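Student: The structure follows.
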Amino acid sequence: MVEGVEARKEKFMKRILLLINCMIQVVGTCGGPLVIRLYYIHGGKRIWLSCFLQTVGFPILLIPLTISYIIRRRNRELVISNDTSKEKIFTMKLPLFLVFSLIGVLQGIDNILYSNGLAWLPVSTSVLIISTQLAFTAIFAFVLVRQKFTPYSVNAVIMLILGAVILALNGSGDRSAGETKKQYVRGFVMTIAAAILYGFILPMVELVYKKAKQPITYSLVLEIQIVLSLFGALFSIIGMSINHDFKAIPIEAKHFKLGETIYYVVLVVTAILWQLSSLGAMGVIFCASSLMSGIVIAMSTPITEVLAVIFYKEKFQAVKGISLVLSLWGFVSYFYGEFKESRKLKKNSIPETIQP
């Protein structure tokens, strides 16, 4: 009886944690593209700097990690009063460190692709295209973690891809002033490439979670996110050094249309928002699955669309509306399919009543 109560309590706490991480991911996923677009619109041109900002915000994770360490140490002292061993703030073992270091480099590559795409595309368009990562996440999740496909998830994949294709075929009227068709196509291709790579990274993280030989806790998830971001940032630093970005940043700040102070504020806020997005994604995978994390990204699309039109006065053409409807159709289709599947599993798990 006690075990049943503890199991229900643990399940309830994990749902709360899932809800919190979904909210964190939505805030970061919506806010990141909006704020970095502000950088580009008002004079920012450093692509590698934009890539760097997507991972450099990891020091903020030291705050919750330290709090988690204090709680763990206090609980250990209460349970084992005579224990002389010290609780470690970092518990990740070498095999996990090496694997997530490699995934961090992949994330750095994904970031530079996305940064290039965002530099040439309006926010609303880039977000609609990146939402196709759900399709690629579903495919890679099926291959890597044996994610089950349903007619609803297949329909979601088709709808999301159609939405992106429509944008590509009708993108000439969506270009910013002074932007060539070649630049628009370049942005589109790089954003699609970023979606494919990120669609691979999410299931890969879930696979490592499942195959790890040490227990995965949320405290360890924070450590994993720090390692991912650290190596992603190191990858970006190499690109920034080759591109002489560190010398160009002070000059760019002086010529920023909104002022030098606002320039640095934009950089800091962008770094924090992107870090929230990544942390939320890792947390959702921990609490649910990589596919659920992809769904949250797709769910954020309509919110970012509306905010981009409001704050940046971007054109919301009919073709973009059709693409948005298809994306929403895909999301709702998948969500409905998952709901029906969970109801079916719950029904099957209830033992049949033996008739007298």
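For all residues, glycine too, the Cβ spot is worked out from N, Cα and C.
Automated prediction, rather than curation, is the source of TrEMBL annotations.
So TrEMBL has the following annotated:
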TRANSMEM  16-41  transmembrane segment
TRANSMEM  47-71  transmembrane segment
TRANSMEM  92-114  transmembrane segment
TRANSMEM  120-145  transmembrane segment
TRANSMEM  152-172  transmembrane segment
TRANSMEM  184-208  transmembrane segment
TRANSMEM  220-242  transmembrane segment
TRANSMEM  262-287  transmembrane segment
TRANSMEM  294-312  transmembrane segment
TRANSMEM  318-337  transmembrane segment
Student: So if I exclude everything within five residues of the ends of the transmembrane segment (294-312), which remaining residues of that chain have a CB under 8 angstroms from its CBs? That is, six or more out.
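Tutor: Beyond its ends, the transmembrane segment (294-312) has Cβ neighbours at 22, 25-26, 29-30, 33-34, 37, 41, 122-124, 127-128, 130-131, 133-134, 137-138, 160, 199, 202, 280-281, 284, 320, 324, 327-328, 330-331, 334-335.
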Student: Are there three or more C-beta pairs under 8 angstroms joining the transmembrane segment (92-114) and the transmembrane segment (220-242), sequence spacing 6 or more?
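Tutor: Between the transmembrane segment (92-114) and the transmembrane segment (220-242), which are separate recorded stretches, there is contact, as judged by 3 or more close Cβ pairs.
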Student: For the transmembrane segment (318-337), name the stretch out of 92-114, 120-145, 184-208, 262-287 with the most CB-CB pairs under 8 Å.
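Tutor: Out of the listed stretches, 120-145 contacts the transmembrane segment (318-337) most.
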Student: Do at least three C-beta pairs under 8 angstroms join the transmembrane segment (16-41) to the transmembrane segment (120-145), pairs 6 or more apart in sequence?
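Tutor: By the criterion, they touch.
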Student: Given a Cβ distance threshold of under 8 angstroms, which distant residues of the chain, six or more beyond its ends, lie next to the transmembrane segment (184-208)?
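Tutor: For the transmembrane segment (184-208), the list is 96, 99-100, 103, 106-107, 109-111, 113-114, 116-121, 126, 129-141, 143-145, 147, 164, 167-168, 171-172, 174-175, 224, 281-282, 285, 289-291, 293-294.
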Student: Please indicate, using numbers and ranges, the residues of the same chain that are 6 or more beyond the transmembrane segment (120-145) and have a C-beta under 8 Å from a C-beta there.
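Tutor: For the transmembrane segment (120-145), the sequence-distant neighbours (Cβ-Cβ under 8 Å, at least 6 residues beyond its ends) are 33-34, 37, 114, 153, 156-157, 160-161, 163-164, 167, 171, 174, 176, 179, 183-184, 186-188, 191-192, 194-196, 198-200, 202-204, 206-207, 210, 289-291, 293-295, 297-298, 300-301, 304-305, 308-309, 312, 314-316, 320, 323-324, 327, 330-331, 334.
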